[in-house]
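So the structure is just underneath, and the comments pick up after that.
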Amino acid sequence: MARTTLARVSAPCAVPGPDDYPRTVPPRTPMAGADEERSGLMTIQRRRRFAALTGAGMCAAMVVTACGAPSEDSGLSEEELDCATYEEFGDFTEEKPAVSIYTPITDAEGDAFEQAWAPFVECTGIQIQYEGSNDFEAQIEVRVTGGDAPDIAFFPQPGLMARYKDDMVPASDALAERAAAGWSEDWLQYGTFDGTLYAQPMSANLKSLVWYSPKLFKDNGYTVPETWDDLIKLSDTIAADLAGTEGAKPWCAGIDSGEATGWPVTDWVEDMMLREHGGDVYDQWVSHELPFNDSKVADAVDKAGSILKNEDYMNGGYGDVGSMTGVSFEEGGLPILDGTCALHRQASFYSAQWPDGTEVGPEGDVFAFYLPGNTADDKPLLGGGEFVAAFREAEEVDAVRQYLASGLFANARMKTGAWASAHADADPANAADPMMQLTVELFHDEGAEFRFDASDLMPGHVGSDSFFDEMTQWINGKSTGDALDAIEETWES
Amino acid sequence: MTFDFLDQIPKFVVLGVGVLAFLLVVLGVLYVGNIVPHRPKSLTAGLVFLIPTLVLVSIGLVVPAIRTTVLSLGDSRGEGFVGLDNYVWIFTDPQILGVVRNSALWVVLVPLVATAVGLVYAVIIDQTRLEKLAKTLVFLPMAISFVGAAIIWKFVYDYKQIGDQIGLLNQFMVWLFGEGATQHWLTMPFWNNLFLIAVMVWIQAGFATVVLSAAIKGVPSEIIEAARLDGVNAWQMFWKVTVPSIRPAIIVVLVTMSIASLKLFDIVRTMTGGRNGTSVLAYEMYAQSFPGQQTGRGAALAVVLFLLVIPIVVYQVRNLRQRKEVR
């Protein structure tokens, strides 16, 4: 697999001969005690092979003058292509061990990973066998319980991952140290079981966002709200301004998503739990120390309802509040484009849903602002991300885990495609687009308090079944109390 | 993603090895079958052909069935032992009782309606000029996968509260009864089940038509002529001559469809995801096992499904045997 990726990276330029460019890869010092002649030969081979890759890197730098098709480039910096950078992860070039990675990420996004770690593969000699599957959640169960676990898996749900903690290999001390330097305790807690770190975070996506039209805001003199009260005031203003337009309302939403119908509502509720009660109560709620039908949860649900179930606010472009159950989440925010809706709360990954030609950016057709906290200083962040779990104990597996926990990887991956990380060393300037840049910046914010999407942490029959289902019924008119009682009942059963 | 043939070579090698191994096994079995004494009804010759089948059936069916049964007595992780708790849950939890009711609805309605439609259609088009075309048309949906059909019908039932309807059914409602008559069909409690069943009937009616039409053509013309001479009307001809003559074919169609309806998964998953009270046993089995991570409950549902299919299969096998004896 790595072969294709490299071929593609160097494709835009005719691959230069090894001598066409200055060598940026310093000759490796032969290992102590190793056969002098053999290791000397190996150095040359590696240098030759690597010069071609460095050539591709130079191509990235000279794109304007000499080489065409910049989009084909991985965009990695020279340092990221230099083998010296990867020495800290060890040298496996002789054995060329294979490490399999199994993930739910497929197609172009999967390719972007392979582009990002191509130099790592080349320099360390570890052959990463990447396999992405759309059926990851079901297949990982089959593979782990069937004794065919991958070496490394990227879990999008810590709750699912916790099922396999007995099969997982804990982080080595070096990895734990690296992870602690990269991520805050807010993040690490989700990969830590019984006080031991098993899986470090990798990607990060942010859900506490409201999509809007910068043009509409500019034309009408609206400003991005900084507190919850400002947001409600803004909603009222927009509602009054839109009163004359048929079918237009300030907010829009779509919650239909097949068997997962209702999940966008659960995200609202989770955001409100964080805003009303903070991270500690949120954690108790997730771990069921706080019953689901507790009045604190009811407060959060009702706060979400003050927008979601408000007929003056919902559902722009689609009808009344009830209409959102018939609108797919993918279409939920689209009325922003024709002006029948102004605000749509949805995660950073909603970027992908805008039709071709829509400009996403602070001056573009659509962009997002942070869903404000109760005050301007509170910055609770609801989000998600993948965690890197390992099922085989071996040096090469540890090396890959360490690499994936490094700022080096985070920055490289941000360059090869829209992706964000909460890693402390992730530089927002490397983000592929303004949305990813905003995401990284918010995760780096001083006051940020991150919590993982609760429905992904709760037991499956609650988090991805009754919570979704009851919140859908709640939109359809079920009372807050009845809906929460019903969820609590399924949790206890 | 670009397709690099060279990268895929390992997969083709594996495929080639698999096909080769299969051929070798088949040839081996045939060879052994050839060298053992093969008098008629010889036990050894029979065993040579039976053993590979038995081995494959036990690996593919018997072992998983036993394992599923064991799992169904365990907890959500498929470990421990909780006795019959999972079964008690199936028959006491109101939501799952609704699922059982829906499955019953499917098993009763799909075979009956699809067979009735197919039978009437087959009789009507029989001996007409456009018979072939009519048969082709009704058979076409059979060629579409369940998921494809479900997506088509999801569009038919689509509902827009504001703006033009893109759903065919709602547009008909607008034409016939005006704007106010549109409905969000797939969220109407109970009735949404019937809208899903309609999709299955649409797919299966062609199968019934083709099988029954062939059977009708097989009714001996002597019987029909004799009935005509006795002066039957069309109604009597249908009920007293055609239907009894093609009874075995009708039973085959009914049984096949009952089993298909019990196992139905695709339409529910694609169209509603089991929401708004539309889940059925086979879908719930998946929903509990994988998204719900309730291995024990999922396994228990699988066992219940298995038990429900058994009587139908037994009936069918018996039926076949009786017919053989008659011959």
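Our numbering is plain: 1 for the first residue shown, then up by one each step along the chain.
Quick reminder: no glycine exception, Cβ is built from N, Cα and C everywhere.
TrEMBL lists B:100-318 with the feature domain 'ABC transmembrane type-1'.
Long-range contacts of the transmembrane segment (B:12-33) within the same chain: residues 45, 48-49, 52, each at least 6 residues beyond the stretch ends and with a Cβ under 8 Å from a Cβ of the stretch. Taken from TrEMBL, the feature transmembrane segment covers B:12-33 (among others).
The list of residues near the transmembrane segment (B:45-66) in space but at least 6 beyond its ends in sequence, with Cβ under 8 angstroms from a Cβ of it, reads 25, 29, 32-33, 36-39, 306. The annotation transmembrane segment is assigned in TrEMBL to B:45-66 (among others).
Per TrEMBL, transmembrane segment is recorded for B:104-125 (among others).
For the transmembrane segment (B:137-156), the list of distant contacts is 118, 121, 166-169, 186, 195, 198-199, 202-207, 209-210, 266-267, 270-271: same-chain residues at least six beyond its ends, Cβ to Cβ under 8 Å. Annotated transmembrane segment per TrEMBL: B:137-156 (among others), in sequence order.
The transmembrane segment annotation in TrEMBL covers B:194-216 (among others).
Among the features that TrEMBL reports, transmembrane segment is placed at B:237-262 (among others).
For B:299-317 (among others), the entry in TrEMBL reads transmembrane segment.
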Mind checking which residues reach the transmembrane segment (B:237-262)? Cβ under 8 Å, same chain, six or more beyond either end.
-> 103, 106-107, 110-112, 114-115, 118-119, 123, 200, 204, 207-208, 211-212, 214-216, 218-220, 223-224, 227-228, 281-282, 305, 308-309, 312-313, 315-316, 319, 323
Tertiary contacts of the transmembrane segment (B:104-125), as residues 6+ beyond its ends and Cβ separation under 8 Å | 131, 134-135, 138, 193-194, 197, 200-201, 204-209, 211-213, 216, 238, 242-243, 250, 253-255, 257-258, 260-262, 264, 280
